[in-house]
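Undergrad: Please read through the structure below; I'll follow up with questions.
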Amino acid sequence: MSRLSDALKNISYTFSANIIILLISGVLTLVVPKLLGPEEYGYWQLYVFYMSYVGLFHLGWCDGVYLRYGGRNYKQLDKPKFVTQFWLLFLMECILGTIVIFATSMLQDGNKEFVLIMTVIYGLVINPRYFLLFTLQGTNLIKEYAKIIILDRVVYCAATAVVLLCGGRDFKLLIYADIFARIVSMIYAVIICKEIVFGKPTPLKPALAEAKKNISAGSKLMFANIAGNLIVGVVRLGIEKQWSIEVFGKISLTLSISSMLLTFISAIAMVLFPMLRRASQDAINDIYASLRTCLMLILLGVMVLYYPVKEGLSLWLPQYAESLKYMALLFPVCIFESKVSMLTNTYLKTVRKEKWILYVNLVSFLLSIAFTIITVFVMRNLTVAIVAIVILLAFKSILAEYMLSKVININILKDTLYELVLVVGFMIFSWAIHSWISTVLYALLYILYLFLKKEDIKQAVVTIKRFA
């Protein structure tokens, strides 16, 4: 079976999984804020926000396993070595979780204390599950990976539906439903990966040496991911501190809607990494420009849908209509984040340049702190703070791709300029013109882009066929 056939088979699994996840996420994103009050929804979004940082507590252990064993065959793994790593990781999570729970007792806000405690419990479940999922993902067992993810979201959707249908309007009940779903999917993951959970362990001394190697290999990527999340996270925290939990929830809703496309892009990136690890350097270099052309063609085209989506959401969620106007500024977030997720970071991990990812994210994170201080605490301007999010993510995307271009010898200047013109044009049209005219103007700009890129599109098709 060809590399492309293998990739397409895996993509079909992840596509099916992510269709289900996207549908569930979409329904819940539309239903939950409609039924919960703005304050309750704000605390729910705070929990979701904290969830994105629990990866810090595995110290890069899971990322190290993914990087060191990515591309290998699952059956050929040293199972006793993995058994010991799993239980050492779980022990570390228990110790760190206990410390964090003790620290939360000093908080004055009871709701925030509850959110933090539940986030710790979430981490105790999710980080060991990450270990199993990263092992499946790195060894290309995408079908098994997809089953676990689907089960997680289906159980969560069912539990949330029961809560809401029974009249539950407390954000705490939704958090309980989420934790329950994580536990169920963790049990299923353990069943699938039982050989690396319940097998014979290795002696402690070599196990600690192996743990050190995994953490050393993965810590750069883990800190890079955390720093990457904090680029937007710092601005969001600033908004929560300067305004209110209600405003935080409304902006978080807009960000969630704008970032939905990332579900699909992340799925493709998940399949792409093990495939690239097995490919030659020449093949890696050749395929990049073609993948980039196809990806940007889709991402820039999706923005044509902005106006009808925004109008439909405003009718469905009238209490959030004022905040949904910020979609005009935040919609391009999916372009920059998708490119980084699917292409730039995947390629940098393939050539083992995790340190570069860390550098890019740290620089962007430091800029985010500066932008937040200026826009949130000095200017106290919510609109400018939101524009800052897009500027920061654009900067991160361009810097990361520039560094990658030095490794795979490509010229990204022309394409980057084209994309920036389209993004800026979209933001101006959509923010200034609240009608279908904005869609027409952007569509004309997009057609011009297609005309300028027609030769690159033809070449991309030829290259991908050759790679197959």
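Just so you know, glycine gets a Cβ as well, placed from its N, Cα and C.
TrEMBL does not curate its annotations; it predicts them automatically.
TrEMBL feature annotations, pasted as is:
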- 12-32: transmembrane segment (TRANSMEM)
- 44-66: transmembrane segment (TRANSMEM)
- 86-108: transmembrane segment (TRANSMEM)
- 114-136: transmembrane segment (TRANSMEM)
- 148-167: transmembrane segment (TRANSMEM)
- 173-193: transmembrane segment (TRANSMEM)
- 221-239: transmembrane segment (TRANSMEM)
- 251-275: transmembrane segment (TRANSMEM)
- 287-306: transmembrane segment (TRANSMEM)
- 326-344: transmembrane segment (TRANSMEM)
- 384-404: transmembrane segment (TRANSMEM)
- 416-449: transmembrane segment (TRANSMEM)
Undergrad: So what's near the transmembrane segment (416-449) in sequence-distant terms, Cβ-Cβ under 8 Å and 6+ beyond its ends?
TA: 296, 300-301, 303-304, 306-308, 325, 327-329, 331-332, 335, 390, 394, 398, 401
Undergrad: Of the stretches 44-66, 86-108, 173-193, 384-404, which racks up the most C-beta pairs under 8 Å with the transmembrane segment (148-167)?
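TA: That would be 173-193.
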Undergrad: Which residues of the same chain, at least 6 past either end of the transmembrane segment (173-193), have a Cβ under 8 Å from a Cβ in it?
TA: 32, 36, 44, 47, 114-115, 118, 121-122, 125-126, 128-129, 132-133, 135-136, 144, 147-149, 151-153, 155-156, 159-160, 162-163
Undergrad: Counting Cβ pairs under 8 Å that sit 6 or more residues apart, are there three or more between the transmembrane segment (384-404) and the transmembrane segment (221-239)?
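TA: Result for the transmembrane segment (384-404) with the transmembrane segment (221-239) is yes.
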Undergrad: Examine the transmembrane segment (114-136) against the transmembrane segment (221-239) and state whether at least 3 Cβ pairs sit under 8 A, considering only residue pairs 6 or more apart.
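TA: No, these stretches are not in contact.
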